[in-house]
């Protein structure tokens, strides 16, 4: 009998391994970089007007690659202004990678970094306990909303921290991506822990409309090469399957029928495109920019 399926986040090392492979095999960072280059300058055009200090909050900043690119755009728009960049990140490993990236970067004059090893919920609890309401000029949450228990409440809380010219930027998987197809169909079969919910850009307008918030939506094309997932016993393929299903050793522990159906689904047009014998999973991203 197959051993029971367990959540991938139960093994932080394997989770990071699968995440790094995902970044290597996907155009995720390239498509975000493209957005930062082309569209972010318009988003941040007035966040620092008349200010000598710009306060930026990164919620779930990870290893900081995207954070540093965002900060370089803010710095270019407001030369000479001091930028206070606060990072909320629960993984000590990711924080130390972030600190390494900062140490290696050259163009960070006038930027001050503060790291908080905590989750978004822990940050909110700490601020409430200290009776603090610090306001921010720019808040961003990149690929982190899956890890909060109450998405609408989290959105409302961080929106309440925006200054009058500020923006809240959210990036997560698109409602038009293969993730949406896969998780809507099979998500209930995956062994999710409390800290993991499936949410896509298709879910946000309903929540934001209910809260009466103004926002803009963008779609970013991205893909992930999952060809190796179809080679039985391929170590990289197994890691990618773990990442796609958030399941530890999915290939070895999933019931055979679930595995068969899922592997079939991954080849279908709702999830992927087959080009030159390779299978490219639709990894499109949705960007939501929320007004104060």
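Note: Cβ is positioned from N, Cα and C throughout, glycine not excepted.
TrEMBL lists 28, 283 with the feature substrate binding site. For residue 283 (substrate binding site), the same-chain residues lying six or more positions away in sequence with a CB closer than 8 A to its CB are 26, 27, 28, 173, 177, 178, 179, 222, 223, 224.
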Number of Cβ atoms other than its own within 10 Å, given for residue 28 (substrate binding site): 21
